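As recorded in TrEMBL:
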type     : residues : note
DOMAIN   : 129-175  : domain 'F-box'
REGION   : 208-233  : region 'Disordered'
COMPBIAS : 210-227  : compositional bias 'Acidic residues'
REPEAT   : 361-383  : repeat 'WD'
REPEAT   : 420-443  : repeat 'WD'
REPEAT   : 484-523  : repeat 'WD'
REPEAT   : 639-678  : repeat 'WD'
Amino acid sequence: MISPTDDGFSDADIKGLKLTFSQNCSTANEATTSSGLGIALAPANYKTSLQFNKDAGIPEQRIPPGGSIWTRSPVDVKGKGIARSLDWHLATMASNDREREEMTYKLLECLPRSVLASLQRRMTPLLQFDIVGSLPTELSLLIFTHLPAASLLTCSLVSKRWHTLTTDQVLWRRLCYAHGWEWRTDVAAPTPWDGLGDADPADAVVREERDEDEGMGDEEEDEDEGSGEGAGDVVDFIGDDSVDWTSMPMNIDDIEVQGLSNLLIPITPAVLSSSSTTAITPISRITSQHGVLPRSAHLAPDYKLLHQTHMLLHNRFYQGAYRRRTLPCADAGGHSAAVYCLWLWTYPAGLDGRSAPLQVLFTGSKDRTVREWDLRTDRVRRVVGELHDSSVLSLCVSSDFAKSGDGEEPLASEPSSAGFLVSGGSDRRVVVWDLGKDRLVKVLQDHLDSVLCVRVDSGRLVTCSKDRTVRTYGFPSLKPQFVFRAHRAAVNAVSVVGDVIVSGSGDRSIRVWNANTGALISTFEEHHARGIASIEFKPPYLLSGSSDMHLRMFDIASSQGWSTNPEFNTMNPSDAVPTLASSQSHAQDNIAMLPGQGTAPFFLHSSLIRSMSDTPRQDANTVVCHACGSHGLAARREQERHTHLVRSVALGEEFAVSGSYDLTIKVWDRKTGALVADLNGGHTGRIFCVGFDCTKIVSCGEDQRICIWDFSHGIDTSFIKL
């Protein structure tokens with residue numbers, strides 16, 4: 001028996017193999033030539049006796065005398081050379097696959113383990129077949145479109161072919177568009193910044209308890225005009241003491257693996273060595289100081305990078321990893337009194353010779369002015385004054401004009417693409433200002449009391465007032481349309497999306513209106529335990545804040561949602577079913593009600609939140625978690641909720657943000673109602689308004705401060721369309 005050794009085959013083994021191969025090959029050749037089926041050819045690297053078949057014109061093998069096919073031994077070194085001609089010998093010695101398999105196995109048994117391991121590695125690719133990768137690219141991409149982002153990242157590690165497929169822009173663009181994330185194509189380089197002054201500590205503001213159910217504009221009666229002292233004018237804090245602002249939402253190894261390290265902006269030790277009394281340079285300014293220009297300025301859209309950056313920002317919101325800065329106070333051009341309202345706005349590219357969009361912040365104050373801030377420099381760009389005789393309580397900016405074919409009267413001149421600024425004040429005025437032409441468009445004075453909220457959407461301006469009415473106008477023609485009088489107390493907030501108007505009042509009710517007909521569609525009575533102070537509507541979800549210190553997320557189509565108040569989480573869903581108002585009961589209240597246009601059924605998207613009625617409850621104080629169905633969250637809700645009136649709310653795709661008189665801003669998970677982040681320390685007075693986008697939260701309040709809670713520090717977000 002042949003036995004393998006460390007040095008290969010012995011001389012006796014090789015002699016036996018040569019004899020066996022010669023005999024088998026001779027037999028196979030005789031059978032082949034006699035049948036005329038083919039000719040067995042020897043390997044090219046061995047000398048054989050060949051002659052041409054004259055009839056066929058092809059070479060034919062002849063076995064040399066002595067019964068061997070080799071004229072000289074192919075084995076120059078022990079065990080070498082046999083494997084090189086093994087395929088030819090197996091083809092001639094075995095007549096079927098089974099025999100070849102047995103012969104191969106017997107030969108493998110003779111090899112040392114080190115050689116077997118090497119063969120195994122070489123054979124592994126032959127045993128694997130990539131079905132997805134072997135398909136045409138179009139079909140492979142179609143398969144990958146059914147995977148979420150995390151699965152695509154995992155699949156990209158399988159092979160080079162899969163990596164190429166899973167990084168295709170078509171897949172990541174689809175994922176980005178599903179979230180509404182767009183690539184900002186033309187980006188301007190950051191401008192230099194020379195820093196601002198020092199931050200001064202703010203004095204505490206004494207507050208008194210009172211009933212806020214009637215209207216949200218009453219707080220100005222209790223405030224002094226103020227000089228603006230105490231309002232910080234620079235970056236005065238870097239997140240919470242427990243949060244390192246340089247920390248990322250995942251560990252550094254994960255960032256390297258996912259290719260996100262290029263998103264980080266290098267920060268030198270000199271930047272971090274700022275004392276508590278020294279102005280801290282905003283991170284966006286550090287970018288320009290260090291010469292790090294936006295990488296997207298000359299790049300084609302990279303939707304994988306866009307998606308990963310959004311996820312990075314998403315994780316920072318969950319970690320509360322922000323950097324806070326404060327806009328300048330009165331001494332540096334800021335407001336000189338309490339700031340009641342704000343609005344984020346992005347000018348389109350091409351205005352004023354700019355090659356890139358520009359994001360700004362508008363703020364309205366008790367000092368009777370509206371200021372426009374450049375968020376790149378934290379400086380005032382424009383002051384719109386002498387429009388109101390008293391406090392500016394609400395404002396919004398829009399370029400969503402109605403088309404001329406939608407019943408709008410043609411204007412003398414086309415409205416500017418920069419947009420219109422609309423503001424409402426305690427002087428009962430609604431002022432419309434053309435931002436592009438920097439001129440007054442019109443002043444509306446139809447309300448009988450303070451205008452508490454103004455909103456624009458789909459070519460329609462909606463206003464509400466302490467006079468308990470809601471009014472609508474064409475936009476930008478400003479032609480009056482409807483007046484809604486169903487509320488029994490001051491209408492503190494309105495929200496309009498498309499043809500739907502939602503109003504919240506101090507009478508504790510939410511009302512839904514048809515903007516086209518003026519019909520009252522639905523009424524949600526006792527929506528909160530006290531007056532409703534703020535609302536935001538994004539179909540089908542309605543977020544509201546109240547004097548009862550609670551928030552409530554509500555699906556107006558299914559009456560399901562979550563609340564920080566356990567009483568509303570455990571209520572019988574049938575108690576919250578919206579009641580359809582009859583056209584007769586409010587026909588006299590709705591001016592310009594079209595004849596025959598009574599209340600009609602109103603349909604919205606189905607709820608994305610799990611029905612509370614399908615989940616068992618233990619007792620009246622138990623809150624059901626819509627994410628996992630677990631119980632026992634009432635105590636946690638009590639700790640998480642606000643401890644004072646919730647004055648302002650903002651609703652996004654993933655988060656809900658609330659600002660309260662308790663000096664805090666809270667970020668909530670939109671679907672589950674779980675508390676994501678609790679931001680405090682930025683204000684020393686009541687918070688009047690909050691707003692946010694995917695990179696930051698902005699807030700303003702009684703202490704005259706305008707705070708920017710930046711979650712994008714150290715990340716290049718210049719390619720994100722805000």
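Cβ coordinates come from backbone N, Cα and C, glycine included.
TrEMBL entries are annotated by machine, without manual review.
Listed by sequence, the residues of this chain that lie at least six past the ends of the repeat 'WD' (420-443) yet keep a Cβ under 8 A from its Cβ atoms are 217, 220, 351, 362, 364, 368, 370, 382, 384, 387-399, 449-454, 456, 461, 463, 465, 475-476, 478. The average pLDDT for the repeat 'WD' (420-443) in the predicted structure is 95. Beyond the repeat 'WD' (639-678), the same-chain residues lying 6 or more positions past its ends with a Cβ under 8 Å from any Cβ of the stretch are 179-180, 207, 212, 216, 314, 317-320, 533-538, 541, 543-547, 549-551, 553, 562-565, 608-609, 625-627, 684-694, 697, 699, 701, 709. In terms of DSSP helix, strand and coil, the repeat 'WD' (361-383) has 0 helix, 15 strand, 8 coil.
Across the domain 'F-box' (129-175), DSSP classifies residues as 33 helix, 0 strand, 14 coil.
With DSSP classes pooled into helix, strand and coil, the tally for the repeat 'WD' (420-443) is 0 helix, 16 strand, 8 coil.
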